[in-house]
Amino acid sequence: MKVLVLLLVTLAVVYAAPDPRGILINLEDGEICMNSAQCKSSCCQHFSPLGVARCTRKASENSECSPKTLYGIYYKCPCERGLTCESDRTIIGAITNTNYGICLDAGRSKE
């Protein structure tokens, strides 16, 4: 019973005044991450298979992109809001995280 009370008090103290920056979530660009859900930008990217993943801003128009990831970490970030990642999507590419494309403005590309 004492352990439960101590645990509840500890949790109350931890959540009483959360840091807006965050330690595990709400990470800024450049901070080390393990999953895109931790980043404010929603993109956790690593530049090599052995490299450390860091939060990075999403891809801008005409930049390389990944449409989706199964693992939460990207080699190429998805597009900014309002853009679409035009790519050849394959099952193998989805598994190996190599379905790369280019960010295009959906409104302009249909004209």
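Cβ atoms here come from the backbone N, Cα and C positions, even for glycine.
Fair warning: this is a prediction, and the values are worked out from it, not measured in the lab.
Look at Swiss-Prot and you will find 1-16 tagged as signal peptide.
The disulfide bond annotation in Swiss-Prot covers Cys33-Cys44 (among others), and the record cites sequence analysis as its basis. Within 10 Å of the Cβ of Cys33 (disulfide bond) there are 24 other Cβ atoms, across all protein chains.
Around Cys55 (disulfide bond), the C-beta neighbours below 8 angstroms that are at least 6 residues distant in the chain are Leu27, Glu28, Asp29, Gly30, Glu31, Cys33, Gln38, Cys39, Lys40, Ser41, Cys43, Cys44, Gln45. Look at Swiss-Prot and you will find Cys39-Cys55 (among others) tagged as disulfide bond, backed by sequence analysis.
For Cys43 (disulfide bond), other Cβ atoms within 10 Å of its Cβ number 25. Cys43 (disulfide bond) carries neither a helix nor a strand DSSP state and counts as coil. What Swiss-Prot lists as disulfide bond is Cys43-Cys77 (among others).
What Swiss-Prot lists as disulfide bond is Cys65-Cys85 (among others). For Cys65 (disulfide bond), the same-chain residues 6+ apart in sequence whose C-beta sits under 8 angstroms from its C-beta are Ala59, Lys76, Cys77, Pro78, Cys79, Cys85, Ser87, Tyr100, Gly101, Ile102, Cys103.
Per Swiss-Prot, disulfide bond is recorded for Cys79-Cys103 (among others). Note on Cys79 (disulfide bond): other Cβ atoms within 10 Å of its Cβ, all shown chains, come to 24.
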